[in-house]
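According to TrEMBL, the feature DNA-binding region maps to 42-61. The feature domain 'HTH tetR-type' is assigned by TrEMBL to 19-79. Per TrEMBL, the feature region 'Disordered' maps to 1-20.
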Amino acid sequence: MPRIAGARPPAEPSSPHQKDRYARILRVARRLGSEHDLERVQMQDVANGAGVAIATLYRYFPSKTHLFSAVKQQQIERLAEEASRLRSTSEPPLDAVVQILVRAREQMMRNPRLARAVLQADHIAQATSRDLWAPDRQFGEMLLAVAGFDSPTPEQRRLVRLVESCWYGVLLTCLNERTSAAEADIDIRVSCEMLLGPHLR
């Protein structure tokens, strides 16, 4: 079970040296998360691999849940770059949302074991610490923007939340090898068409 954080907020890197160290820690976390299930990833091994003291690691990431939430944050930031590019094109909003969600699925499925670690940490974060909800909020805001909901109403937020929930369900069926990538992408499109389509025409 990942260590649950205390009340101390994580430190944020500010200097170039600190940012390099922070990035190194995340690289090692991704590698170890690709090799082992989340329960077997040890914070001491992350610290050793990144060449930092364990106290330094815990200063940035008070728990393993914080660490893998930061891995998820990185993944979303890469998607946000693609989302920004799509918004600058003439791509219809519905198709743009589908593209982003398909890319997100592809990104996660490139490394299924790491994806499971990230999702497990995300599940723990949802149950234990509101300060770890930032990646999910960013993901939702990104989808709202791609859909063209620049001043989203409560109903639009609810619809996007439902699309996210469908996407997570589709991703899990892929990770559990109960559906193919092609079928998953069709499911993603159908869910977007049913939930968002009537509001984007």
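Just so you know, glycine gets a Cβ as well, placed from its N, Cα and C.
Predicted-model confidence for the DNA-binding region (42-61) is 96, expressed as mean pLDDT.
Under DSSP, the residues of the domain 'HTH tetR-type' (19-79) split into helix, strand and coil as follows: 51 helix, 0 strand, 10 coil.
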